[in-house]
């Protein structure tokens, strides 16, 4: 886990006066000093008028280039266990509590290895094994262990896992098997979490992340934007992530799934999504910020390009867990067009 972002000592939303322009403040504080914006300052960014969006994106890109460099990390993900989850995350079609078309299924080890091979061929350095569970039982841990061993024997790629909430023993087991990074999203601001999930708490997720950090694995933690949270809660979420100090923050945008409680929510407006991308970059200047699920329906091709030029420095290629993504070739062509080099495997170890 990266060191928690340096926070400004001035708690004023505009860092030194009500008449200060937030982008001028951000240029001095974030770009020049590498200090992330605080919660009030992030809110001021999110509240900027649309006619300042391009200026905001340009600044976020400068911050990304200065504090993270030009390289882009590419990752692929695969679902080892799909569907049948006992939790009630309102955005998720894999919950067994909703009338969703997704049914429970397991992936066999040869298919897992083949997926890892295809991911590596795309230029990705990270392959994440995901399971739709509250937390892994003995069967799942054994399957994950077998999968990790099989992949290591045939594919040169970093292995990440996303298996829900863990016990201390399970954390140690994954670390001992060389898991490079563990993903467990907080999903949204603490104050909004009960509107999204009722079968477990925000604090339970935080506890898993703390154990992962203490075990020496990299921490991947982000969430989903556009689930009905206010701008104030969006800013709160950015500040909470900055306090956590993860190595990677995946930004998802709600793609309303049939049969879920959020099925009828509207897709997040493009301008709001891009402002959020830039705002999270200004809150987390040194953190890997990854485009994840929902960007296709929310941003489209042009929006994705603007996001990569507005603070993003990592992408998931190919399909997601239950929804289609962009073809890997399309993302790689875009990165080549933008002259963004891919992060090499040896640089990510």
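Glycine residues also receive a Cβ, built from the backbone N, Cα and C atoms like all the rest.
What Swiss-Prot records for this protein:
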MOD_RES   2  N-acetylthreonine
DOMAIN    70-295  domain 'Radical SAM core'
BINDING   85, 89, 92  [4Fe-4S] cluster binding site
BINDING   128, 161, 220, 290  [2Fe-2S] cluster binding site
Legend entry - Cβ neighbours of residue 89 ([4Fe-4S] cluster binding site) where a neighbour is any other Cβ within 10 Å: 23
Inset, instruction - Write down the Cα-Cα distance for residue 220 ([2Fe-2S] cluster binding site) and residue 89 ([4Fe-4S] cluster binding site), rounded and given in Å. - result: 19
Legend entry - residue 290 ([2Fe-2S] cluster binding site) versus residue 92 ([4Fe-4S] cluster binding site) - Cα distance in angstrom: 20
Inset, instruction - Please report how many Å separate the Cα atom of residue 161 ([2Fe-2S] cluster binding site) from that of residue 85 ([4Fe-4S] cluster binding site), as a whole number. - result: 17
Legend entry - residue 85 ([4Fe-4S] cluster binding site), number of other Cβ atoms within 10 Å: 23
Legend entry - Arithmetic mean of per-residue pLDDT over the domain 'Radical SAM core' (70-295): 96
Inset, instruction - Given the binding-site residues 128, 220, 290, state which is nearest to residue 85 ([4Fe-4S] cluster binding site) when distance is taken between Cα atoms. - result: 128
Inset, instruction - Would you mind pulling the DSSP three-state label for residue 128 ([2Fe-2S] cluster binding site)? - result: strand
Inset, instruction - Run through the Cβ atoms and count how many others sit within 10 Å of the one on residue 290 ([2Fe-2S] cluster binding site). - result: 22
Inset, instruction - Specify all same-chain residues, apart from the site residues 85, 89, 92, whose Cβ lies within 8 angstroms of the center of the Cβ atoms of the [4Fe-4S] cluster site, ordered by sequence. - result: 87, 88, 91, 93, 94, 95, 132
Inset, instruction - Using DSSP reduced to three states, classify residue 92 ([4Fe-4S] cluster binding site) as helix, strand or coil. - result: coil
Inset, instruction - Provide the three-state secondary structure of residue 85 ([4Fe-4S] cluster binding site) computed with DSSP. - result: strand
Legend entry - Sorted by sequence, non-128, 161, 220, 290 residues with Cβ within 8 Å of centre, [2Fe-2S] cluster: 75, 77, 126, 160, 162, 181, 182, 183, 248, 250
